[in-house]
Amino acid sequence: MSQSVCILGATGSIGQSTLKILLQHPEKYSVFAVTAYSRILELVEICKQYHPQVVVVPSNKVDELRQYFKNQHLNHIEILTDEAGLIAVAEHSDVDVVMAAIVGAAGLLPTLAAVKSGKRVLLANKEALVMSGDIMMQAARDHHTVLLPVDSEHNAIFQCLPEGYLQAERNGQPQKGVAQILLTASGGPFLHYDLDQLKNVTPAQACKHPNWSMGQKISVDSATLMNKGLELIEACHLFAISEQFVTIVVHPQSIIHSMVQYVDGSTLAQMGNPDMCTPIAHALAWPERIQTHVPALDLFVNHRLDFQEPDTVRFPALKLARQAMQSGRLAPTILNAANEVAVAAFLNHAIRFDEISQVVDKTLNHVENGAANSIELILQADLLARSVADQIVMNTGS
Ligand code: NAD
Ligand code: MG
């Protein structure tokens with residue numbers, strides 16, 4: 001029977017890649033709902049091609065959308081709005097699979113709603129898990145939710161872990177013969193830049209990733225290596241492993257997407273051309289495999305695989321994220337909120353590239369790290385950290 005899919009963040013990079021795969025398998029999947037925050041014209045194009053039953057947009061976009069729907073004879077599509085609309089489609093009883101691909105903290109409540117409704121959840125929105133790790137993982141256990149990582153590294157780790165790993169009793173220690181996780185990082189576009197050069201890089205340069213084509217925020221995160229920091233936290237939660245068992249390995253070719261090292265000396269790697277359609281298809285079809293348009297890896301072309309240690313002096317975000325994971329509680333939420341503010345400020349030319357990590361560091365020092373045992377506390381800390389980070393950005397102004 002065909003599976004009914006809801007795509008949170010359908011107009012984004014992950015959303016578009018997901019739609020591309022669904023198009024290839026019309027007998028397996030149908031699109032029930034799509035959501036967009038901006039780019040309304042692109043949403044209309046998606047509606048024309050995929051015929052969803054429901055769309056979700058911000059209330060201030062409804063008039064514009066209705067006009068387009070009228071012109072395109074799409075009036076039968078139901079329009080829901082804002083966060084309430086996102087939550088409604090994420091937990092809708094007609095939905096089997098939710099792709100959580102909103103960027104940033106805005107995706108937290110809809111993603112959590114999907115997890116609590118026990119559907120298959122394909123998790124791209126790493127910020128949601130970074131903020132609410134323990135709560136989201138507990139909700140997945142309570143509701144027997146199949147929560148599958150879409151982030152290419154975590155999807156690779158998931159593929160390399162032994163069977164039954166996630167069901168085994170765990171307490172932060174690796175289990176079932178696993179010794180450690182090797183989380184690979186491309187190193188981003190500025191891998192070889194020195195500290196002075198890093199002061200002068202522009203948003204356009206930061207958004208031009210050497211291997212992946214992604215949304216703006218994650219592109220900047222990849223350039224500062226905060227993306228890898230967020231992924232370290234993501235891995236600790238997804239695989240219930242302490243951060244000291246996650247080693248970051250810079251691998252500029254992005255052919256190995258991550259590895260699992262075992263106590264017997266084995267290291268298993270998942271490899272492939274860097275295209276998000278592979279992990280998305282894996283998570284959609286798991287435990288089966290479905291075809292994608294991604295060409296098979298040609299090792300005679302991609303004949304070099306290099307590795308190096310990350311440099312936390314030039315890329316301090318990595319150290320900040322590891323420390324936040326060690327501190328636990330609200331620290332990852334504060335880190336994430338400050339980073340979202342700092343990245344937006346950098347994209348608006350309000351601060352320099354190297355100041356992004358400085359804003360995050362200062363915010364972590366200014367906001368008290370309290371208990372994170374409810375979503376309300378997490379959302380409060382997110383708001384507070386954003387206002388503190390905003391203030392720091394204003395005082396930074398380059
Ligand atoms: P993107 O910027 O291309 O798309 C983001 C989507 O979220 C868009 O559909 C946008 O309309 C929606 N959105 C933005 N702000 C919103 C808000 N306030 N409320 C509701 N919707 C909102 O981002 P992306 O690159 O597709 O990344 C999406 C998520 O997937 C991020 O969390 C990112 O870290 C993660 N991810 C992306 C990639 C990638 O290759 N792009 C890889 C791994 C993980
Ligand atoms: Mg990734």
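Numbering starts at 1 and runs along the chain as it is shown here.
Backbone N, Cα and C atoms are what each Cβ position is placed from, and that goes for glycine too.
From the candidate list Glu78, Glu83, Glu91, Glu231, the residue TrEMBL records in the Mn(2+) site shared with Asp151, Glu153 is Glu231. The 1-deoxy-D-xylulose 5-phosphate site recorded in TrEMBL comprises Lys126, Ser152, Glu153, Ser186, Ser222, Asn227, Lys228, Glu231 together with one of His76, His92, His209, His282, namely His209.
Summary of the site annotation: TrEMBL records NADPH binding at Thr11, Gly12, Ser13, Ile14, Asn125, Glu127. Screening the candidates Gly188, Gly215, Gly229 against this entry identifies Gly215 as the one listed for that site. In the structure shown, across all protein chains, Lys126 is the one of the binding-site residues Lys126, His209 with the greatest number of other Cβ atoms within 10 Å. Asn125 (NADPH binding site): 28 other CB atoms within 10 A of its CB, across all protein chains. By the criterion of other Cβ atoms within 10 Å of the residue's own Cβ, the least surrounded of the binding-site residues Thr11, Ser13, Asn227 is Ser13. Looking at the residues that bind 1-deoxy-D-xylulose 5-phosphate per the record, Lys126, Ser152, Glu153, Ser186, His209, Ser222, Asn227, Lys228, Glu231, the two CA atoms farthest apart are separated by 19 Å.
Broken down by DSSP into helix, strand and coil, the domain '1-deoxy-D-xylulose 5-phosphate reductoisomerase C-terminal' (147-239) contains 40 helix, 12 strand, 41 coil. Among the binding-site residues listed (Thr11, Gly12, His209), Thr11, Gly12 have a CB atom closer than 6 Å to some atom of ligand 1, in sequence order.
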